[in-house]
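Novice: Okay, these came from TrEMBL:
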{"type": "COMPBIAS", "residues": "10-23", "note": "compositional bias 'Basic and acidic residues'"}
{"type": "DOMAIN", "residues": "42-415", "note": "domain 'Amino acid transporter transmembrane'"}
{"type": "REGION", "residues": "1-25", "note": "region 'Disordered'"}
{"type": "TRANSMEM", "residues": "73-94", "note": "transmembrane segment"}
{"type": "TRANSMEM", "residues": "119-139", "note": "transmembrane segment"}
{"type": "TRANSMEM", "residues": "171-188", "note": "transmembrane segment"}
{"type": "TRANSMEM", "residues": "200-221", "note": "transmembrane segment"}
{"type": "TRANSMEM", "residues": "241-260", "note": "transmembrane segment"}
{"type": "TRANSMEM", "residues": "281-299", "note": "transmembrane segment"}
{"type": "TRANSMEM", "residues": "329-348", "note": "transmembrane segment"}
{"type": "TRANSMEM", "residues": "368-386", "note": "transmembrane segment"}
{"type": "TRANSMEM", "residues": "392-415", "note": "transmembrane segment"}
{"type": "TRANSMEM", "residues": "427-446", "note": "transmembrane segment"}
Amino acid sequence: MGIGNGSPSDSRHVSHKEIRDETTPLLPIKEEEEGIHEFNGASFSGAVFNLSTTIVGAGIMALPASIKMLGIIPGILMIILVALLTEASIDMLVRCSHEGKITSYGWLMGETFGQWGRIALQASVVINNIGMMIVYMIIVGDVLSGTSTSGVHHRGIFEGWFGPHLWNSRPVVLLATTLFVFGPLVSFKRLDSLRYTSALSVALAVVFVVITAGIAIVRLIEGTVEIPKLFPELDGTNSIWELFTAVPVVVTAYICHYNVHSIDNELEDRTQTKPIVQTSLALCSSVYIATSFFAYLLFGEGTLADVLANFDSNLHIPFSSVFNDVVRVSYVVHIMLVFPIVFFALRLNLDGLLFPTARHISRDNRRFAIITGSLLAVIYLAAIFIPSIWDAFQFTGATAAVLIGFIFPAMIILRDPYGIATKRDKILALTMIVLAVLSNSVALYSDALNIIFHRKVEV
């Protein structure tokens with residue numbers, strides 16, 4: 001299953017060699033017998049909607065904990081800074097792609113750095129998406145069967161409804177979810193209704209923000225919430241190092257670069273790409289800031305790494321238990337529907353790395369089943385043994401996500417294969433690389449110290 005370099009010579013021989021990358025559909029596009037349906041290009045609002053769906057995912061659940069660690073003012077500034085850097089890095093990719101008439105991130109990496117550049121991107125997408133799959137499954141486990149943090153147990157939905165039993169323990173619930181929900185969903189070889197899951201994704205994110213903000217405002221008016229800290233509380237060098245562990249979490253929340261080209265390719269007027277990206281990032285940043293601020297205001301220092309797990313207690317408002325269940329159930333359903341979409345890209349890229357010369361995975365049922373089953377098993381086991389989404393976000397955010405989102409785009413601008421980079425572009429690219437490497441190196445160093453000395457970061 002070769003990825004190809006997407007060069008003009010390759011494109012002239014598409015009948016003999018398949019050219020695919022992280023944005024290629026799982027099945028080849030076929031013309032319908034009734035004829036070809038005319039497509040006049042995606043609308044501005046539709047493109048904003050789809051890109052926003054790509055951005056807003058499980059990362060929103062860990063941002064309140066980042067605000068708790070950093071303090072409100074540094075935390076909000078961090079969200080805004082990462083949004084601005086994300087806009088700059090996407091602009092780098094889009095300008096180079098338009099100049100070279102390139103239609104995918106993988107093709108651009110291949111044109112700039114050769115085969116190994118494309119392989120590096122594929123490997124990063126695999127690592128990033130596996131991390132996201134693990135996060136999704138951990139959240140499902142937290143919500144349905146509960147989680148324990150610092151000796152305090154937060155009940156899941158099933159435990160709250162039926163009491164603690166073996167059948168609603170975390171391993172059993174996640175196994176049942178994997179076999180009877182995720183398994184069937186990822187067994188399909190084609191997705192035909194992504195617009196519906198996109199609509200549901202944004203709608204459920206809005207439901208979460210509105211309910212959280214509404215409850216926080218009501219309790220703020222009643223004077224029943226604590227005033228949150230504006231800046232982090234530092235008690236030594238170790239505390240300063242630990243602040244950097246929030247950076248990969250925020251970075252991961254903005255990774256959408258591998259889907260930008262597919263949205264850009266559908267536009268009739270590709271000059272709209274820049275305002276679409278800016279509008280989408282502004283929308284998502286507003287959602288992130290509102291969610292982080294109001295969730296931290298509502299739960300204070302008790303805010304968990306997965307803020308959904310906080311919705312198991314008395315919110316001190318009428319119908320508290322109803323609001324708790326609505327928030328948790330709606331977002332778990334959202335995650336279950338988004339899971340196969342991200343999984344498809346993961347499976348396609350992993351197959352490309354393992355079997356670069358084989359035929360398309362959709363035409364080999366045995367390979368399709370083995371890779372699908374193996375990935376589900378790895379994700380399930382990791383979700384059982386990794387206790388918190390914070391840990392998964394730290395690893396993927398400090399490695400694959402920062403490569404996809406910042407380092408690779410900056411390297412492309414510095415290499416400047418099409419001679420379009422200005423001096424300002426190269427300074428920004430170099431600054432982006434330095435910031436990414438330093439901040440995420442410190443985050444990984446702090447994580448390593450915590451593991452070696454068995455320290456627990458409270459999030």
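Yeah, the Cβs are placed from backbone N, Cα and C, and that goes for glycine too.
Can you walk me through where each of these features ends up in the structure?
Specialist: Long-range Cβ contacts of the transmembrane segment (119-139) within its own chain (Cβ-Cβ under 8 Å, at least 6 residues beyond either end) map to 3, 21-22, 57-58, 61, 105-106, 109, 113, 174, 177-178, 182, 252, 255, 258, 306, 308, 331-332, 335, 338-339, 342-343, 345-346, 349-350, 352-353, 375, 378-380, 382-383, 386, 388-389, 392-393, 395-396, 399-401, 403-404, 408.
Sequence-distant contacts of the transmembrane segment (368-386), counting only residues of its own chain at least 6 positions beyond either end whose CB sits under 8 Å from a CB of the stretch, comprise 130, 133-134, 137-138, 141, 170-171, 174-175, 178, 182-183, 186-187, 189, 343, 346-347, 350-351, 354, 361-362, 392.
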Novice: What parts of the chain pack near the transmembrane segment (392-415), using Cβ distances under 8 Å and only residues at least 6 beyond its ends?
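Specialist: Tertiary neighbours of the transmembrane segment (392-415) are 59, 62, 85-86, 89-90, 92-93, 96, 108-109, 112-113, 120-121, 123-128, 130-132, 134-135, 138, 245, 247-252, 254-255, 257-258, 382, 386, 421, 425-426, 428-430, 432-433, 435-437, 440, 443-444, 447.
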Novice: Count the Cβ pairs between the transmembrane segment (200-221) and the transmembrane segment (73-94) that lie under 8 angstroms and are 6 or more residues apart in sequence, then report whether there are at least 3.
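Specialist: Output no: the transmembrane segment (200-221) is apart from the transmembrane segment (73-94).
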Novice: Between the stretches 73-94, 171-188, 329-348, which wins on the count of C-beta pairs under 8 angstroms to the transmembrane segment (281-299)?
Specialist: 73-94
